[in-house]
């Protein structure tokens, strides 16, 4: 007899590994920032947004919100710490964006504190807590799809995949598929929806890569930094 819970754990561990790769993918960018002692044209917005996203998913995975979701907590806890480090490096070497970033972080802290307070004091069942936090997580994930959509639009416009790394596109697709399977084994609509969209997004990126690979001028001098097409779906 097939042990679905064991399969779910294995799939979740694979998802953790892939998601960890996605979380650490900007490290080359931050090594460049540290080396140059300047953030240049890089923006902190994606990392600030991902920080809140990881916090929300970590809260969602807590046993008093959505039981049996420890692997959701582990990867998003790691993602939260990684993004916090990235933001700290950005603040260290940023000359004119510190105030805006700190204000954004303060807003996130207040919002998250309000969500936690309302959830724990006014929602007394895990079903109700899962629904409210799950819906918020889906909304944040959908908002975060603006980043890869912008990159895909640029690929179509320039007929070049130079700023859409293949490994990240493939990892995004695999990440979406793995967490989609995880959500189907023990049905979880709040993980299913964003990762279904993530799978489609990753597939479209791969199709665009195949379509425009031959028309890409790889020798062209960089005019802008490469963008990390990255999502934290779970």
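Keep in mind that glycine also has a Cβ here, set from the backbone N, Cα and C atoms.
Residues 6-34 are the range that TrEMBL records as transmembrane segment, among 6-34, 35-63.
Same-chain neighbours of the transmembrane segment (71-94): 9, 12-13, 15-16, 19-20, 23-24, 26, 30, 33-34, 36-39, 42, 44, 47-48, 50-51, 54-55, 57-58, 60-62, 101-102, 105, 182, 191, 232, 234, counting only residues six or more beyond its ends whose CB sits under 8 Å from a CB of the stretch.
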